[in-house]
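Per TrEMBL, repeat 'PPR' is recorded for 38-68, 69-99, 100-134, 203-237, 304-338, 403-437, 504-538, 641-675. Among the features that TrEMBL reports, domain 'DYW' is placed at 719-811.
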Amino acid sequence: MHKLNSKVPASPRSRCHPFKLMPFLQCINISTVGSYQSTYHSNQLLNGLLKSGRINDARKMFDKMPQRDEYTWNTMISGFVSLGRLVDARELFDGFPSRSSITWSSLISGYCRHGCENEAFDLFRSMRLEGHTPSQYTLGSILRVCSALGLIRNGELIHGYIVKNGFESNVYVVTGLVDMYAKCKHISEAEVLFKRLAYDKGNHVLWTTMVTGYSQNGDGRKAIEFFRYMHAEEVESNQFTFPSILTACSAVSAHCFGEQVHGCIVRSGFGRNVYVQSALVDMYAKCGDFSSAKRVLENMEDNDVVSWNSMLVGCVRHGFEEEALLLFKKMHARNMKIDHYTFPSVLNCCTVGSTDAKHVHCLIVKTGFEKYKLVSNALIDMYAKTGDLNCAYAVFEKLLHKDVISWTSLVTGYAQNGSHEKSLRIFCDMGIAGVRPDQFIIASILSACAELTLLEFGKQVHSDFIKSGLRSSLSVENSLVAMYAKCGCLNDADAIFVSMHVRDVITWTALIVGYAQNGKGKESLRFYDSMVSSGTKPDFITFIGLLFACSHAGLVDDGRVYFQQMSKFYGIEPGPEHYACMIDLYGRSGKLNEAKELLNQMNVKPDATVWKALLAACRVHGNLELAERAATNLFVLEPMNAMPYVMLSNIYSAAGKWDAAAKIRKLMKSKGITKEPGCSWIEINSRVHTFISEDRGHPMAADIYSKIDEIIIRIKEAGYVPDMNFSLHDMDREGKEVGLAYHSEKLAVAFGLLASPQSAPIRIFKNLRVCGDCHSAMKYISRAFNRRIILRDSNCFHHFKEGECSCGDYW
């Protein structure tokens, strides 16, 4: 023990480093520390205990030391800070009678390092109030917190303090400021500060910070330009610079420049650095150069999961799902440590019911990654997109902490698979759960409202979205245009359209289709001309809307021109949907021979849509021979669809061929095919009221039927004559009239006259086509009762006003 206290020679060989004292320290009895007269030696022992990880022994020694100096306190506080024991560090700090700037800086840095930013800022303020000047390292720590958390306001306050206290020439501090401004998306302020220190060619951190700043701010081209400037100034790049510039290359698909950077990496000797290699794989994969990405990946000494994940993401983004699955299988075969970023990419490649989807899901459960929200959200999204909504819901239910992405994946999945009512119910549950919606889920819900024609609900969603303060997006605005147009509110659709700063082909197409569906085909064509003039190219869907507009407005010549323009000017080959629109156009115009000729000239095999269009045309013009041909093909293509059986039966009935009609209905019954019952619904005070023909189940049935009798009397006085062609039952005239009077849309309009304000339009929706008699009756009702009636059937809108319909009776 005496030798430990004695002076030792200055020779480096014999000088006792604290680490070399460890064998002796293991044997020291802490209770004997009082025998030491030298605080210096005690501090050395204390430091040795801390470096060996014996923090509790160090604290016992600290408590029993008879004399402590500033070094003793700072060493002990620093030891607690390094292990994250901030409560213990703060206890010592508060008990230290003469704290110095080093003490304050040590604790502040610890709070910053361990994510306690509020405590760090509080301490920093207290330090200044007590008159202590923070060191450059304290300022650097506090600026790193601002950078990591995007606390620009706090960062600006620190900047003001730096200027006032003469730190603006300190390279270390100013580099921290540049980093803070760059990461807080204030790159112009970072540029100003950088220019003051640009002369310092050896400050790699400063130059690299600017490259990273441009890249993280989404300005990849500026990052590339700055990297060129850095290279021209002969500033050396390092293992931090190269990944940043490669990320910028990925963002702007600068493949050629990325290859040049790769050459610089090899020449600089960083070709074996795992972070640089990972960034190279990512750059090549995102640029679609998979051979180069694979070559870098295979030359890596270690199986780096980040690099493999980058390769997976690249394959998925470029549509190489099979290659991505093979890559994942290789990762699994190599026993790589797959992480929670791997699975979402793999799930994007899976199709529901496939062996791969089941195996990946099983592996997720087995490895415990199902508890990761990112992975569970990807599972929900995969099942929802591929139509397995039961599995999507099961995963969703097991998720303990659901975020907006979890809810959005499920709501969007139900909406895209036609379960619109379910998607609305889940959206309401999301609101009850207190989760705020984002732009993606709002767009999906508005689309569901459009499909269900729930105008009031859609308006409420629109209102809540405005109140939320969320920034609008193109997808939300497009959904709003489509929702209002599909609900028959063209003025509202126009208002949204006019307010949009950016419009794409979906925007224009929504308006073109909306106007066409509302009986304004000529306006649809004018919008198409404006769209082309704006430089927006029409797509496959645009031409469906355009031909639909021509079909419902009887614009045969225009329809022919647009049909030819598709392939001639835009390289879009007509699909079955376009042929169906053209056949419908010819059929409505009575040009059945031209429809038949086009059918024989089709470049694609006619699908059910084409034959339905032809059958509908035969229904209008009573062509039995062609109707039988169309129906026969539909019996094969859609054997369980009641539509061709019902329509052919109706054609026979209209022609007075009751036996043939009965035979078709008997055949339909023998096959177990049931007809979808015609129903109409109307929304009053946010409640939907549904009716079927001769329905007496409504609470106001007596009043509704009394109103029907009044309606029939008044419209007959105005000139209405029931059209017996639409009473398809073999009975006397009186029975046919009664049957026509109680069609579902007439019951709905009677209820609308009773329950809605006189000034409000009556909005009725029907799941099937409106019959000719009801269409005629609605015109008379609008005039006799001086009411505007908006009726949407399965095909289009009919706006009735003062005895006229928007379709011009061409429907």
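Including glycine, each Cβ sits where the backbone N, Cα and C put it.
Those TrEMBL annotations? Automatic predictions, nothing curated.
Confidence for the repeat 'PPR' (304-338), expressed as mean pLDDT, is 84. Across the range of the repeat 'PPR' (304-338), the DSSP-based residue counts are 26 helix, 0 strand, 9 coil.
Note on the domain 'DYW' (719-811): DSSP counts are 37 helix, 16 strand, 40 coil.
Mapped onto DSSP classes, the repeat 'PPR' (100-134) shows 26 helix, 0 strand, 9 coil.
Applying DSSP to the repeat 'PPR' (504-538) sorts its residues as follows: 26 helix, 0 strand, 9 coil.
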